[in-house]
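Step one of this worksheet: look at the structure below.
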Amino acid sequence: MSILPILEQASWNASFGASGAGGGSLSGPWYSTHKTQLLGVLLAAASNFLISISLNIQKCAHLRLAGQTEPKSYYTSKLWWCGIILLLLGEVGNFTAYGFAPVVLVAPLGCVSVIGSAFISVLFLKKTMRADDILGGTLTVTGTYLLVTFAPNGPQELTARRVQNYLVSWPFLVYSILEITVFCILLYFYKRRAVKHITVLLMMVALLASLTVIAVKAVASMITLSAKGKMQLTYPVFYIMIVLMATSCAFQVKFLNQAMHLYEATAVVPINFVFFTTSAIISGVIFYREFQSAALLSVFMFLFGCLLSFLGVFVIARNKKVEHLQIPFIDCGRIPGQKLTGKIQPDSHSSCYGTLNNEDKSVKSQS
């Protein structure tokens, strides 16, 4: 008799409140008991896979436009807009998944987009499949399986009154004070000391993401209950959560774009995934108390699944070659007022994009 079914049954008994070995078998079929959470898992996985497809389609559109003799703006490409539509559908699906499954389960499933991008890029961008991609994908799939198997079952009905009680609970108040303090310290170094290290930027993103996840879970759950006939949209906490979700998400995108501008995506993606997932799990544990009745075995196996997913993402992103668009040098010939003839290489990362270095001060007098 294998040990895996025993571990799975022990996890389900501890996490979902089913009867144990002393009470016989499970009280009912697994699907009928956990179909709501299963729906959230499938929706989150499909949405993240859709996001990986959309990102590769957008990249393909950019490469096609760059190869044309007369480059056009990316927003004129139908292929690019197709990718944007798929991206929006994926984000909506992710948002909806929070209404059916716990935060600690939906957030780590973001690794599906990383796996999908690694394998779909072979089809769309004609990249070569690497051994690291296969190894990382295997580790991530194994970790995802453990996450789904040993994740806790969150409250099925997250009403507005329950969200209000969570907001004023002392664990969340202590957590909020600590989070605000750390964020202010990081913001001070970022603004006053001009410290723009990747860890500082992505830690601020993660702290904001924890608030975003809390708000998204509350809003999605209250909308889901309202659609079932239990109106929750008349409570002020619903609109407070919407404001919190929009504000934290906007600043989160700002700092994430700053990190993407300063550092390579191969470094930003895995670190951001680890920080975001960790902050989401912590917020789910503290705010929604999703591991409150879980057994020690379930917690250990869930964390082990997270570790495997993190390792798989780092393996996939490791040693990836950074691809740059081939932009030819422009020979300007003889320029009046310039002593030397130079060549200009457009550099989108430079603050003086499209300008020339004045080697002769007489140019200013002539102009």
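Using N, Cα and C of the backbone, Cβ positions are placed for all residues, glycine too.
Quick look at what TrEMBL lists:
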TRANSMEM  38-58  transmembrane segment
TRANSMEM  79-100  transmembrane segment
TRANSMEM  106-125  transmembrane segment
TRANSMEM  134-152  transmembrane segment
TRANSMEM  172-190  transmembrane segment
TRANSMEM  202-225  transmembrane segment
TRANSMEM  237-256  transmembrane segment
TRANSMEM  268-288  transmembrane segment
TRANSMEM  294-317  transmembrane segment
For the transmembrane segment (202-225) and the transmembrane segment (38-58), does the number of C-beta pairs under 8 Å, pairs 6 or more apart in sequence, reach 3 or more? no
How about the transmembrane segment (134-152) and the transmembrane segment (106-125): at least 3 CB pairs under 8 Å, pairs 6 or more apart in sequence, or not? yes
Of the listed stretches 38-58, 79-100, 237-256, 268-288, 294-317, which one has the most C-beta pairs under 8 A with the transmembrane segment (106-125)? 38-58
Among 38-58, 79-100, 172-190, 237-256, point out the range having the most Cβ pairs under 8 angstroms from the transmembrane segment (268-288). 172-190
At a C-beta cut-off of under 8 Å, are there same-chain residues at least 6 beyond the transmembrane segment (294-317) that contact it? List them, or none. 7, 10-11, 13-15, 104, 108, 111, 114-115, 118, 132-133, 135-147, 149-152, 266-267, 269-270, 273-274, 277, 281
